[in-house]
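Engineer: Annotation comment: Swiss-Prot describes 19-26, 84-88, 139-142 as GTP binding site, evidence class sequence analysis. What Swiss-Prot lists as domain 'tr-type G' is 10-207. Here Swiss-Prot flags 19-26 as region 'G1'. For 63-67, the entry in Swiss-Prot reads region 'G2', with the evidence type similarity to another entry. Sequence annotations record features per position, and here Swiss-Prot assigns region 'G4' to 139-142.
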Amino acid sequence: MAKEKYDRSKPHVNIGTIGHVDHGKTTLTAAITTVLARRLPSAVNQPKDYASIDAAPEERERGITINTAHVEYETEKRHYAHIDAPGHADYVKNMITGAAQMDGAILVVASTDGPMPQTREHILLSRQVGVKHLIVFMNKIDLVDDEELLELVEMEIRDLLSEYDFPGDDLPVIQGSALKALEGDSKYEDIIMELMNTVDEYIPEPERDTEKPLLLPVEDVFSITGRGTVASGRIDRGTVRVNDEIEIVGIKEETQKAVVTGVEMFRKQLDEGLAGDNVGVLLRGVQRDEIERGQVIAKPGSINPHTKFKGEVYILTKEEGGRHTPFFNNYRPQFYFRTTDVTGSIELPAGTEMVMPGDNVTIDVELIHPIAVEQGTTFSIREGGRTVGSGMVTEIEA
């Protein structure tokens, strides 16, 4: 059977389910796909049962093993890619490595338990890695007879969200039962449809990569006699056109300006290169030795070189190929940003003596030379060429 063409007529949004273990994330994911398949049948809306989502295949993202289930479905307004990770460690890795780029998430809290330690941790991680829009699904309300108890649980969740700078008083809270909806109870199916309408309305459509300011990590540099210097790489975001003014950022203290005089892909001239394209960019006013791998070509003023930042990192276990021993304050590994390694020193949070393989921790990093970074930039931590950790910049310090 011929593969169906991907329908681009509907806006595409990435979401996921987050929350404490056994609060019903996977059951809710199954319920969403199943109820949508019943109510809005389409080629995309196929029911997925708990077992098929729970048996998520292992993926390797930057050397880290992560189990993640990817399902897709559509509402009348949008197409969704939805991620659900079975284990708590999978969530942490997913979010810190940026493997799971979520535009918004559904926080699942069992009404029988209320917020639990991982509820808190997932809210904090969402805040750290820039998932700005959360919707709460209070699950298992069929098991709670007391209306007042539900109100208390909702207040507790809202307070917890406010504590981490989410709009706790204002964000949507939907109460339902994923299991009852999955079993076909129409009252609870209606609630799943209400949840999806809320997701449609409350989670904004993400800015497309092509609409963001240009960022092109330089992978290779060569000169063409008589024409000038060419820098090549894959456009991370934005677009590049002939005659654009750009900046070359990173490695050196000074940011350098240049003008694009040509854009090529597969040896063909282009009017413009778009996010995702592998291009060569011909630059006027730049010598071959003034630009190098590890720098980025960017829209002027959009990104700056920095040496100090806070990061949220996950340290690989021995089984994942990571370190066998903990590390301590002032550990000096390499930080791999986009196309290059830079040595940096790590300062641990007050009260943290050491970091064990398998831990996640907030660290302060100081690099030996500046790199173009911003909040949300991901990196690997390497030792002698092997990955020992993965992280994301959460705050720029200098």
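Each residue, glycine too, has its Cβ placed from N, Cα and C.
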Engineer: Return one of helix, strand or coil for HIS88 (GTP binding site), based on DSSP.
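Structural biologist: Its secondary structure by DSSP: helix.
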Engineer: Which residues in the same chain, at least 6 apart in sequence, have a Cβ under 8 Å from the Cβ of ILE141 (GTP binding site)?
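Structural biologist: Residues satisfying the criterion: SER111, LEU150, GLN175, GLY176, SER177.
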Engineer: Report, as a single number, how many Cβ atoms besides its own are within 10 Å of the Cβ of GLY19 (GTP binding site).
Structural biologist: 26
Engineer: State the count of C-beta atoms found within 10 angstroms of the C-beta of HIS88 (GTP binding site), not counting that atom itself.
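Structural biologist: Total other Cβ atoms inside 10 Å, all chains included: 15.
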Engineer: Count the residues of the region 'G2' (63-67) that DSSP assigns to helix (H, G, I), to strand (E, B) and to coil, and report the three numbers in that order.
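Structural biologist: Its residues divide into 0 helix, 4 strand, 1 coil.
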Engineer: So what's the mean pLDDT when you look at the region 'G4' (139-142)?
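Structural biologist: Summing pLDDT over the region 'G4' (139-142) and dividing by its length gives 98.
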Engineer: According to DSSP, folded down to helix, strand and coil, what is ASP22 (GTP binding site)?
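Structural biologist: The three-state answer is coil.
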Engineer: Give me the non-local Cβ neighbours of LYS25 (GTP binding site): same chain, 6+ apart in sequence, Cβ-Cβ under 8 Å, ordered along the sequence.
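Structural biologist: Set apart from LYS25 (GTP binding site) by at least 6 residues yet with Cβ under 8 Å, we have THR17, ILE18, GLY19, ASP84, VAL108.
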